[in-house]
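Here is what TrEMBL records for this protein:
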type	residues	note
TRANSMEM	29-54	transmembrane segment
DOMAIN	29-548	domain 'Major facilitator superfamily (MFS) profile'
TRANSMEM	66-85	transmembrane segment
TRANSMEM	97-116	transmembrane segment
TRANSMEM	122-144	transmembrane segment
TRANSMEM	156-179	transmembrane segment
TRANSMEM	185-206	transmembrane segment
TRANSMEM	344-363	transmembrane segment
TRANSMEM	455-481	transmembrane segment
TRANSMEM	493-514	transmembrane segment
TRANSMEM	526-544	transmembrane segment
Amino acid sequence: MVEEASKSEQINFTEVWTTTWETPYIMRLALSAGIGGLLFGYNTGVIAGALLYIKEEFGEVDNKTWLQEIIVSMTVAGAIVGAAIGGWYNDKFGRRMSVLIADVLFLLGALVMVIAHAPWVIILGRLLVGFGVGMASMTSPLYISEMSPARIRGALVSTNGLLITGGQFLSYLINLAFVHTPGTWRWMLGVSAIPAIIQFCLMLTLPESPRWLYRNDRKAESRDILERIYPAEMVEAEIAALKESVRAETADEDIIGHTFSDKLRGALSNPVVRHGLAAGITVQVAQQFVGINTVMYYSPTILQFAGYASNKTAIALALITSGLNAVGSVVSMMFVDRYGRRKLMIISMFGIITCLVILAAVFNEASNHAPKIDKRDSRNFAKNATCPAFAPFTASRSPPSNWNCMKCLQYDCGFCSNGAQEYAPGACIVQSADMKALCHSKGRTFFKDGCPSKFGYLAIVFLGLYIIVYAPGMGTVPWIVNSEIYPLRYRGLAGGIAAVSNWMSNLVVSETFLTLTNAVGSSGTFLLFAGSSAVGLFFIWLLVPETKGLQFEEVEKLLEGGFRPSLLRPTTMENQVETP
């Protein structure tokens, strides 16, 4: 049975091209809905580069770390609300209408950000976009799934995940394209209106999900759509399957209850669901607490911490991480059914922890070997230009040995590099637009987020390796696991709870990253992520079963008494399914 399932999955992946070639309408449906995934990825990734230029335009954003974190994380906060409301809206008004509403939110959010005259307006725009992201994150794959033939459903749904990572990569390309354009960040954030308008127009020409129509007693319309998706000889069988599925679902609701509280109470009283949620929430929280979205949301800023002062250079280098993330999604599609979910996650976590520890060491060495402060240069750079914290040492006292570029930046001052050699002692001066311009006019580089470092290239190398080991395992597998470990009648509710735990963890990480770097430094922050990743690895090993090749009934049996890894399994349970 397992061999047949594996063979079927391989056939589905290869048959997708043949089927969509014969029925291009299917690909039109999938790609039109998949634009929601592209918008999801774009709007979460674009802020990484746009933030650099928002800080330049609004001094209060540059001076207040918490304001930068709010601008970045407000989309995540909005997504939590959008996802929560989206489930109800999908059931009440349909998948197609939900996509259209998400597009309106994307468009409104983009327009608000383009005309923003103050940081709070940007925050409002990011919140509106977040509502759209939340709705798109659950509606796009649901619409694709219900509009796809069963034999190629998995392959078509997986394109949504690929478009999310592709959208993040596209956002970095757009950021790079507008670095020298007047309005910079406004263009970067506003471009997302274009795919939203395109998807809105396309969805107006597409039908509602046949499953939603059938459940809402619009059976004739449902049949018409199925006839456009399936060959004539398969339509009756699909209608019969749809009828049985809706009947079973309705019967389940009669048993469980129709209200949210009834469903939640029923879910938590079921041992399979409780153990499934323990595994599902574990992998979703672990996915975020490895720190992935600090890299996706702040990668240009992280590269500036590593010594790349130029906004353009930092954004260009950040393309590497987003590109590798997109490639990793494809790799996961190829290997997850061959090597298994649990094994891929465990291997991925070991790689993540290794890369994070090395990154912590790299940033520590960069800090320890930062250029020294030239007392004379700092005093004579310009009138009243010396950093106030360093000024007392320019008179008669010698500066302490620990005064280097990093110490200068800790006092919210700037470092103007040495004109002859970037790594030689330079000036510690007041951080302002005038001093930055004066520094550049002398042919020198002005640093305010990080210091010149001979170790900077190692940060790029290990950030890239971090993405390489993250994407095929912890990047995609947690979502696959959550689609396989819950009983059918509770799958929507339990999957929603796990998804909200993912967004909440995402919010915590993105909202605290800059505060952490200010408090314990870049090195300490990556070390904290390594520690939280180690905790996540332990709980994945302890709570998450292998589901590769198992029927849903076998997964339920595995979870009924609570999964235990082989090392902790009593001899009386030797007949359980063995996992790596």
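Keep in mind that glycine also has a Cβ here, set from the backbone N, Cα and C atoms.
Unlike curated entries, TrEMBL annotations are predicted automatically.
What you are looking at is a predicted structure, and each value in this text was computed from that prediction instead of being measured.
Sequence-distant contacts of the transmembrane segment (66-85) (same chain, at least 6 residues past either end, Cβ-Cβ under 8 Å): 43-44, 47, 51, 54-55, 60, 102, 105, 119, 122-123, 126-138, 293, 297-298, 496, 499-500, 503-504, 506-507, 510-515.
Between the transmembrane segment (29-54) and the listed ranges 122-144, 185-206, 344-363, 455-481, 493-514, the one holding the most Cβ pairs under 8 Å is 185-206. Remote same-chain partners of the transmembrane segment (493-514), defined as residues 6 or more beyond its termini with a Cβ less than 8 Å from a stretch Cβ, comprise 65-66, 68-70, 72-73, 76-77, 79-80, 83-84, 87, 134, 137-138, 260, 263-264, 267, 273, 276-277, 280-281, 284-285, 287-289, 291, 293-294, 297-298, 301, 478, 482-483, 486, 525. Only residues 6 or more beyond the boundaries of the transmembrane segment (526-544), in the same chain, are considered here, and those with a CB under 8 A from a CB of the stretch are 275, 278-279, 282-283, 285-286, 289-291, 294, 341-342, 345-346, 349-350, 352-353, 356-357, 359-360, 363, 481, 516, 520, 563, 565, 568.
Looking at which of 156-179, 185-206, 455-481 has the most CB pairs under 8 Å to the transmembrane segment (344-363), the answer is the stretch 455-481.
Nonlocal intrachain contacts for the transmembrane segment (455-481), taken as residues 6+ away from its ends with a CB within less than 8 angstroms of a stretch CB, comprise 161, 165, 279-280, 283-284, 286-287, 290, 292, 295, 299, 302-303, 305-308, 317, 320-321, 324-325, 327-329, 331-333, 335-336, 341, 344-345, 347-349, 351-352, 354-356, 358-359, 362-363, 365-366, 369, 502, 544, 547. Long-range contacts of the transmembrane segment (122-144) within the same chain, counting only residues at least 6 positions beyond its ends with a Cβ under 8 Å from a Cβ of the stretch, are 29-30, 33-37, 39-40, 43-44, 47, 54, 70-71, 74-87, 89-90, 95-96, 98-99, 101-106, 108-113, 116, 156-157, 159-161, 189, 192, 196, 209, 496, 499, 503. On the 0 to 100 pLDDT scale, the domain 'Major facilitator superfamily (MFS) profile' (29-548) averages 86 in this prediction.
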